[in-house]
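Asker: Here's a structure for you.
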Amino acid sequence: MKSYSANVFVSLLTTDQQQQHQQQEQPQNNFDDYSESSRDINELDQELNLSTVIVNNPSDSSTKAILNKEDTRETWSNNCDYLITTLGGLIGLGSLYRFPYLAFENGGAAFVIPYVLICVLCGIPLLMMETALGQFSRKGPVGCWDFAPAMRGIGIASVVVSFFGALYYIMIMVWGGLYLYHSFSSIGSPLPWSDDVGDIPFTNNTKRITNSVEHFWNTTILNISEDFGGLSTFHWPSVIGLLIMWTIVYLCLWKGIKLTSRVAVFTTIFPYLPMLALFIRGMTLDGAWSGLRYYLIPDPQRLLNKKAWIQAAGHVLWAYGIGWGTIPALSSYNRPDYNFYNDIVITGITSILTNVFSGFVVFPVLGFMSHKANVSIEQVVSSGPGLAFIVYPKAISLMPLPHFWAITFFCMIFLLGIDSQFVTCESVLTATLDKLDQWYDRSPKRRKIRREFVVAIYVLISFAFGLLMATRAGFYIFNIFDGYVCGAISLLIICIVQLATVLFAYRTTFSSWHQEWPPSQWPGQTFIRHISEVLKRRLTYIWVCWVIIVPIWLFGMLAIALRTIGPISYETFIYPLSFQIIGYILTSIAPLSILVYFIYYQLKNGR
């Protein structure tokens, strides 16, 4: 296995090295100052105790790369492993679970159209940026910002989001596991959610169809309490499921990316089979076309709804893992000279198609349920994060051999969850292990902590935090994570800061802006040129998106999101003020970590 430098931000162009020497001879030329904040590259080399060699880069130009001959960082066994693992992580529970309920909540096509537009114009360009940062640096979500050390807080913020995101994903796996258990235990008899129980009146004197699936979800899977008083009572099936799921995640992560990639080959491809079967069955149901019309034909008024655009923006960042630190974590195991253009195209397009296809699975069933109850689609079930666990089981109960399809589907939920957990947890672990490696370099006599032990500590901490969502009021906590912690605001702020850092501080100092204005070349142009050298193609479209479209979108969506913040609720239950405040605090942890680290760095260096 080849190994490459994990200690130096790879310099991709020989011309850049020549320019650096020219700067020493001609101080007035500030074309490309490769200093790190207030320190130049020589000081950085001394700090990291680097031993570098020059190797040929298989580019058409005279490009070369600086690599460390003592590097021990893992690399993917082959290019396919990287692609499959990335696809599995990004096209996971977010596609099957989160996208349909967001589309249902925001008027179907009125959500789908903004989602596709934002993916093409903003999501894919940001995906390319994060991939390049991880690959060129050969470091995880924190270390990839070493070219601007005062901004390492961006990586810390991403790790915080990934830590919370892993707690979110694991509960979806737990609930899928409980459905799987009941699917097995009911073999020989009807599925426990297969018969309708009729209309149930609500306390606000409205009527809504509540079928046996929704009843089963609320009473058996969640055992949900009326308010937060249920936090004092564990729902033991969820506790046991949580323990089992974290144990499985540990066994999949403890050996590193080689084992992860092998598992991902199966977990990425298999889920499409039951999705296709559910789609075919859904299209044969009465009323299916009314559901598809709701999904494909937009309501002009709802298309202009700010909420739809905000939630579409948040889901794009969610679907591509942008701002989560997962992309730099995975791409850091690539060769520095790897041409990842095809991976970006395949990942970007497949993510869009999979998310949109999940709507084709869900909305025909919603159309059938509304046709059967003779009500509009908006009234057929309550919207919310639990929608997928109502509609999918309903579709399964209407299929021939329902137990077979139930077992197949909830195994798929488990596999998609494992994929999502791989990349989300790897973001946290890569950042942690990179930091530990730095400590070992500074103190060679210190005994190195094995990866297995680090993963075990991380899993135990996550399990302890996750117990809050394994109580009778756990779904209310889960809803806080869905609406606040993993919502759009924190991700938008992270993306704004990281885009600004790349465009204005890539391999240069902020102080250099006072020495030469305008600069001979913008730092962002240097970065895009490095990417172009590796990908062997011009990236005019990506550059235009970075400097025009993406900033307008990010700032616009953030402004709208801040203006539309409102109290969080679940069905008719409005959260108490104290829990609203907790939600805001959790949301602010990731963005504030950027500011806190920036101040810490300035104080540490006596500024």
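Glycine is treated like the rest: Cβ placed from N, Cα and C.
As the structure is a computational prediction, the values presented were derived from the model and not from experiment.
Feature annotation from TrEMBL assigns Na(+) binding site to G88, L416, D419, S420. According to TrEMBL, the feature compositional bias 'Low complexity' maps to 17-28. The feature region 'Disordered' is assigned by TrEMBL to 16-37. The transmembrane segment annotation in TrEMBL covers 82-100, 112-133, 154-181, 234-253, 265-289, 309-332, 344-366, 404-433, 453-478, 484-506, 539-561, 581-601.
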Asker: Same chain only, sequence gap of 6 or more: which residues have a CB within under 8 Å of the CB of S420 (Na(+) binding site)?
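Answerer: Listed in sequence order: G89, G92, L93, G94, Y169.
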Asker: Before we move on, state whether the transmembrane segment (82-100) and the transmembrane segment (539-561) share at least 3 Cβ pairs under 8 Å, counting only pairs 6 or more apart in sequence.
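Answerer: Output no: the transmembrane segment (82-100) is apart from the transmembrane segment (539-561).
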Asker: Could you check if the transmembrane segment (309-332) is in contact with the transmembrane segment (404-433), meaning 3+ Cβ pairs under 8 Å among residue pairs at least 6 apart in sequence?
Answerer: yes
Asker: For the transmembrane segment (265-289) and the transmembrane segment (453-478), does the number of C-beta pairs under 8 Å, pairs 6 or more apart in sequence, reach 3 or more?
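Answerer: Per Cβ check, the transmembrane segment (265-289) does not touch the transmembrane segment (453-478).
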Asker: Cβ under 8 Å to the transmembrane segment (581-601), counting only same-chain residues 6 or more beyond its ends: which ones?
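Answerer: Same-chain contacts beyond the flanks: 37, 149-154, 156-158, 160-161, 164, 480-481, 483-485, 487, 489-490, 493-494, 497, 568, 575.
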Asker: With contact taken as 3 or more Cβ pairs under 8 angstroms (pairs 6 or more apart in sequence), are the transmembrane segment (453-478) and the transmembrane segment (484-506) in contact?
Answerer: no
Asker: Report, as numbers and ranges, every residue of the chain located at least six residues beyond the transmembrane segment (234-253) whose Cβ falls under 8 Å of a Cβ in that stretch; write 'none' if there are none.
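Answerer: Beyond its ends, the transmembrane segment (234-253) has Cβ neighbours at 170-171, 173-175, 177-178, 181, 222-223, 259-260, 263, 417-418, 421-422, 425-426, 429, 455-456, 459, 462-463, 466-467, 469-472, 474.
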Asker: Do any residues of this chain, six or more beyond the ends of the transmembrane segment (404-433), have a C-beta under 8 angstroms from a C-beta of it, and if so which?
Answerer: 85-86, 88-97, 140-143, 155-156, 158-159, 162-163, 165-166, 169-170, 172-173, 176-177, 179-180, 183-184, 191, 245, 248-249, 252-253, 257, 260, 263-264, 266-268, 270-271, 273-275, 277-278, 321, 324-326, 328-330, 332, 392-393, 396-397, 451, 454-455, 458
